[in-house]
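Participant: Take this structure first; my questions come after.
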Amino acid sequence: MLEVLGKIFSITLIDLVLSGDNAAVVGLAIRNLPENLRKKAAIFGAGGAVCLQVTFATMATYLMTVNYLSAIGGLILVFITYKLIKPGKEEEAEVKASDKFWAAVGTIVVADISMAFDNVMGVAGVAEGHVLYIIFGLSVSIPILIFGATWLARLMDKFPIIIYLGATVLAHTATSMIVHDKALHVVRIVGETFATLIPWILAIPVLVYGVIVVRKAKVATLEGAGK
């Protein structure tokens, strides 16, 4: 009994530790929804993503043999990160159609699944093939993920720079997935230290861009108020 509880606790802990970027995705995706729909979208999106993670975890042994899987997931996440913060008309920017409920849910599921490889490998290793452990452990983490995401969305309303902090986290995660894909041999070519630095080098400009955008918005607001 203690061994079972230990495995479930470990699975839950691993998923929570690896879910910081997932919470950022959910928070970014739901931030333009009405307050009464945010939690519902988070539940649908996170729930769907976890269901697929369970499926992937049962296939972990096979997934570990698929070349470029992590890199492909990283590229998908790069695209999603761009869509989350791309410039343009307000109704076309941010998450594409994120003011539409199912578009936000779809964004959450696709982004979470693109990041699921690390979660799945960690969880599957602890579960040792016991699918029920995986289901229970991941299910426990859902409410925490949803609460964290809705809280982040509220903070984004008040402090827009958090949008770009979240995007920076996603950019780092995406580039790290690409750099550390074993089939690409990047770590072997450039060394572990530089391979660790590359994601930060590529992600920090996202935050710098965010600071510039937020400052411009503040200046425009002040100029508008002065007229």
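The backbone N, Cα and C atoms fix where each Cβ goes, glycine too.
For reference, TrEMBL lists these features for the protein:
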TRANSMEM  42-62  transmembrane segment
TRANSMEM  68-85  transmembrane segment
TRANSMEM  101-124  transmembrane segment
TRANSMEM  130-152  transmembrane segment
TRANSMEM  159-179  transmembrane segment
TRANSMEM  194-214  transmembrane segment
Participant: Taking 3+ C-beta pairs under 8 angstroms (sequence gap of 6 or more) as contact, is the transmembrane segment (42-62) in contact with the transmembrane segment (159-179)?
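Facilitator: Contact criterion not met.
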Participant: Which bits of the chain, at least 6 residues beyond where the transmembrane segment (159-179) starts or stops, bring a Cβ under 8 A of a Cβ in it?
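Facilitator: For the transmembrane segment (159-179), the list is 20-21, 24-25, 27-28, 31, 70-71, 73-75, 77-78, 80-81, 84-85, 111, 115, 117-118, 152, 186-187, 195, 198-200, 202-204, 206-207, 209-211, 213-214, 217.
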